[in-house]
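Asker: Straight out of TrEMBL:
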- 7-28: transmembrane segment (TRANSMEM)
- 34-53: transmembrane segment (TRANSMEM)
- 65-87: transmembrane segment (TRANSMEM)
- 93-110: transmembrane segment (TRANSMEM)
- 122-143: transmembrane segment (TRANSMEM)
- 155-173: transmembrane segment (TRANSMEM)
- 185-202: transmembrane segment (TRANSMEM)
- 192-329: domain 'O-antigen ligase-related' (DOMAIN)
- 231-249: transmembrane segment (TRANSMEM)
- 321-340: transmembrane segment (TRANSMEM)
- 352-371: transmembrane segment (TRANSMEM)
- 417-439: transmembrane segment (TRANSMEM)
Amino acid sequence: MVRKKTANLPTVHVSSLLFICALLPALLFKGPQIEFFTITQIVLVIWLGWIFLHSYNSGLRIPRTALALCLTLFWLWLALSLSWSLAPNISAINFWWVGSLVLVFWLYTLTPDRDVLWSHAAAILLVIGVVLALMGIYQVLALEQHARSVFETRNTQAAFLNLVALPASAYFLRMNSERSIARHHVVILGVALFILFLSIFLSASRGASLSLAISMGLLAVLTVKCVPKRAIFLLSGLLITAFLVSKISHGELGERLPQLMQDSPRRVIWESSWNLLQASPWQGIGLGLFYLAYPAYRNPVDSSGGFFAHNDYLQIWIETGLPGLLLLLSVLVSAAWLFARALGKTNLSKDTRVELTGLFCGLTAVAGHSIVDFNLYILSIMMISGLAMGRFHELAARELKISSIHLHPSRLMGKQAYPVIVMLLFLLPLLYFIALGLANSYYDKALAQAKQGSLKEADLSLATAERLTPSDDRMLIAHADLYRHAIALLPPGADDGKKFLYEDALRFLDRAQAANSLRGLTFVIRGRLYQQNPALAGENGQELAAESFRRALALNPRLFQGRMDYVSLLLQVGKKEEALQSLDEGVRHGYFNGPELIPFYSLTAKLRREAGRVEEAKVLEDRVKELEKLTTAGYHLRGY
């Protein structure tokens, strides 16, 4: 049999390759690893540029659907919110991070031969999903760890696998109804699904497991008339068997499910997040800034990492205001409406109905799970969601025969000028991401150099990082702290050198504060600079230091090392009672165990004993004994 050549086939192959090349580093990106993020975004921008370069003659088709419009408006609102963000540099990164959902949707929609792209990408995604699932199973059964493979949490692992498993389940149902498909292909897909289901259940993620069960039920109900009942029984059998195997071999999910309605840790986070929302409910504080603003409102009993609200809809409201939330909800509503319209077609083919339902159920599982998690802030999940939504949108629009706006670049400019203009336009984001990745590499290099005592080399690395990303407050804070540390190493007679470093450090801190007014660490370093250099700070240097520490603790009460510095100032002027009050406030909060806490707890215990609070002091002394077993921490430029 001779295959018919597909028009624009090179574009399709390139698009498939570029999507996978963008996804692989995204799987390794967890936040601090900016280099992985920039590689992903560079590849996506190159993909978009490739599509535009090959659209001169054929043009670009923009579908006239509510879903495409709502997604675009949501993305535009994210861009607009950068103008009032309290830390624009961080919000700009998160614009591309969260916006990857919309970007990949449009990349898929604008690709010429989408069927071939989807078939390639879906097959590779299934392989990746099975590999990650096997890693998770090994972690649980062999290493006795959480099933999280390359992800930071087991909830993220389970959400990712849900997004792979549900569309794959639809194809499993479809393959069972087609006699032309070889039986071993069905068996292979069935084994892959069992592995995915087992890994999801072994993760013991309650939200993801319930989302899977509900979405699978929806898939079965909506496809029962389109596929043989035997296929649904087989799929249900795989799901139930995977659950029973996980229960027998591990059993944690069965123990955690009854606690779902009593999930007090998340309730604590939501209550504190709701209080934060009241600060700016209409326009938000800025995309990606939740983790910086949250500490001031955080309940002391909250034991989470404090990076997310564990409810995407609440967090997007906090960060982008009410319009951002409404636009996100409009995306979900428009997708549901498009799905309902497509299912209402009397001549809808059974294969299309099954595939469409599988994609919708996968997206529904992620959207439902996002009520108790942070899938919107996981780059790889957003990319796959964008691809799945693009495929879902294409199938529905094709069946409903929705019209498109046809853009013809050939009517606007000449053939020779077009590629030059396209490359110049796409050069801007490419240069931004290259600078972002290089700056983070120089930043990490500077921290390592400072830790080794190579302060001059660290100074040069930080200067390079600042030239690449002038508005990144992390580099400026680290540079100021480096100079603060260098001042202490200068000999007593080097007054001019100390003054030069002191003034430069203050300038760095002023710039950092202007770039990001929410980071408490800026004020900790400022307070230390004043405190350690009274001759340079002037007569009111100690008061300036105390005020800086107070501002730092107001922004983040868990900065216990800054609190220790503040307490030392209070003790110097004889304010022992006020010092103990500050320490008591700090002890109320939970911290990750580390040797850095020993001086903090020891001083608090000492002052409590002196105040006659012997039993309370003994509790902290017992904590200190446990922490003393850990290795003593060394000097870290950003160890706060």
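Glycine is no exception: its Cβ is also placed from the backbone N, Cα and C atoms.
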Asker: Helix, strand, coil residue numbers for the domain 'O-antigen ligase-related' (192-329) per DSSP?
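Answerer: Split into helix, strand and coil, the domain 'O-antigen ligase-related' (192-329) gives 101 helix, 0 strand, 37 coil.
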Asker: Looking only at residues six or more beyond either end of the transmembrane segment (231-249), which have a C-beta under 8 A from one in the stretch?
Answerer: 141, 169, 172-173, 176-177, 190, 193-194, 197-198, 200-202, 212-213, 216, 220, 223-224
Asker: Excluding the flanking five residues on each side, which residues at least 6 beyond the ends of the transmembrane segment (321-340) place their CB within less than 8 Å of a CB in that stretch?
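Answerer: Long-range Cβ neighbours of the transmembrane segment (321-340): 65-67, 69-71, 73-74, 77-78, 81, 280-284, 312-313, 356, 360, 363, 367, 389, 392-393, 396-397, 400.
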Asker: Would the transmembrane segment (122-143) count as touching the transmembrane segment (352-371), if touching means at least three Cβ pairs under 8 Å and pairs must be 6 or more apart in sequence?
Answerer: no
Asker: Taking contact to mean 3 or more CB pairs closer than 8 A (sequence separation of 6 or more), are the transmembrane segment (155-173) and the transmembrane segment (417-439) in contact?
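Answerer: Contact between the transmembrane segment (155-173) and the transmembrane segment (417-439): absent.
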